[in-house]
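Participant: Features from Swiss-Prot:
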ACT_SITE  Cys82  active site, nucleophile
ACT_SITE  His169  active site
ACT_SITE  Glu171  active site
BINDING   Ser223, Gly224, Gly225, Val226, Asp227, Ser228, Ala229  ATP binding site
DOMAIN    5-195  domain 'Glutamine amidotransferase type-1'
DOMAIN    196-385  domain 'GMPS ATP-PPase'
Amino acid sequence: MKEDKILVLDFGGQYSQLIARRVRECNVYSIIKPYNISIDQIKDINPAGIIFSGGPKSVTGPEAPMIDKEVFKLNIPILGICYGMQLMTALLPGGAVEKARHGEYGKARLHITEKDKLFEGISDSQVWMSHWDRVKKVPDGFKVTAKTDITPVAAMGNPELKFYGVQFHPEVVHTIQGLNIIRNYLFKVCGVKGTWNMADFINEEIDRIKEEVGSSQVISGLSGGVDSAVASTMVHRAIGDQLTCIFVDHGLLRKGEAEQVKRTFVDEFNIPLVYVDARERFLNRLNGVKDPETKRKIIGEEFIRVFEEEARKLGDARYLVQGTLYSDVIESGSETAETIKSHHNVGGLPDNMDFKLIEPLRNLFKDEVRKIGEVLGLPDEIVWRQPFPGPGLAIRIIGEIDGKKLEILRKADSIIQEEIKEAGYYKEIWQSFAVLPDLKSVGVMGDTRTYGYPIILRAVTSDDAMTADWARLPYELLEKISTRIVNEVDSVNRVVYDITSKPPATIEWE
């Protein structure tokens, strides 16, 4: 008997984990495995359904990731998304894939041409496309069920085999009825019940941590953010006093952040906390460094070195807890995924690290972590705190870093946070922060010519950090932020607002 579990096979798509997340939103357990998993392993997992993810390769190319054709003989429903649909087409008899004359990227209008279980209750609506190849001919026994103005086969299905394919991405929020399409696949095609929840995930993860760690000592790095707080709390629930938390003040934090971390984690969590003042050490290492990737690598390496030194003082700590999220993993790249930038929690770690990593949140997105934080009973000021990168203000200062620039950025960032909270937008916005570019501009203040730094205000809305849109803040709020910054922050004479979405930009500037 098949279990209420969905297997997502990852072909290197940037949205692979997002698929699994959407499945979990439907209260169905999901796991991700690489595309080259063996048939025996799939049988052992015994899923109720399989989803082929998208991917950056061409199914017609020599480096196309393939799967054993035996997967189609397992009598398990399959949904192919983007590359996954093209792969299904290429491997099944009668199907053909071709390079389209024009690619299709971004929003498109889906026209449903034939109703099946996948499209029950679904009407013509906006979907999100990202492809160049397209299905030329559907496999034997399949019917074309949807199209767009550019793509004649935007969806296909074989109800008898329970094989379905969509060229668009139902997992992203820009596909208006995408979650309902996924629900149809889960409940109408696969027949799952939908009884899994976050409490189950917490219990499973706590059991896994107990088994992995045994009686070993563990250290955790606290930053004050929700990720490290939730990760540390989960580990503490699993192993208790075997965990010691360490807070490294690298001098790249926001205003008042170090004090808040020490106060909150000692008082709220009652977990032993070691405070390390490493501000001078980090700034010395970063002196003269301009390249953002080099900054990240230096900070990641120095962070681990500090941890190793503190661990030796504490005793034999074998494990390091990190609040790595899946969005971090995606942007750092994998075997089949493209690298966007290395993350302090992933690609910024040195190879010669003395710790084994515990990353209980590695397969989760930020909003899921917040749900777990609420289940664990963490305070709102931690659960709803906006994301802050591991390298801190180092990647919000373009170019070289020094004490003066850090002070300018801290003051400007503090004003932004104060005003956005006061206006009631803090929880609605995914991130809001200041960026200090490596340039100056001419201004006039008090009838005197000035030559000062501009501050870039970045505020975005998002559900998961995979995509983001610039926040439509009221003009009055923008004016208030700008006025306060140029009047209260020395050496700043201009404020500009970044209105770029992700993609093409990333949320952070570096």
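The backbone N, Cα and C atoms fix where each Cβ goes, glycine too.
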Participant: According to DSSP, folded down to helix, strand and coil, what is Ser223 (ATP binding site)?
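Facilitator: Assignment for Ser223 (ATP binding site) reads coil.
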Participant: Can you tell me the three-state DSSP label for Ser228 (ATP binding site)?
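Facilitator: SS state of Ser228 (ATP binding site) = helix.
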Participant: Here the binding-site residues are Gly224, Gly225; which one has the lowest number of other Cβ atoms no more than 10 Å from its Cβ?
Facilitator: Gly225
Participant: Neighbourhood of the ATP site (Ser223, Gly224, Gly225, Val226, Asp227, Ser228, Ala229): other residues with Cβ within 8 Å of the Cβ centroid, in order?
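Facilitator: Output for this site, in sequence order: Leu222, Val230, Ala231, Gly323, Ile382, Arg385, Phe388.
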Participant: 10 Å Cβ neighbour count around Ser228 (ATP binding site)?
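Facilitator: Neighbour count, Cβ to Cβ under the 10 Å cut-off: 25.
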Participant: Pop the mean pLDDT for the domain 'Glutamine amidotransferase type-1' (5-195) in here, whole number is fine.
Facilitator: 93
Participant: Which residue among the recorded positions Glu171, Asp227 has the fewest other Cβ atoms within 10 Å of its Cβ, if you could check?
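Facilitator: Selected from the recorded positions Glu171, Asp227 on minimum Cβ neighbours within 10 Å: Asp227.
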Participant: Near His169 (active site), how many other Cβ atoms are within 10 Å of its Cβ?
Facilitator: 24
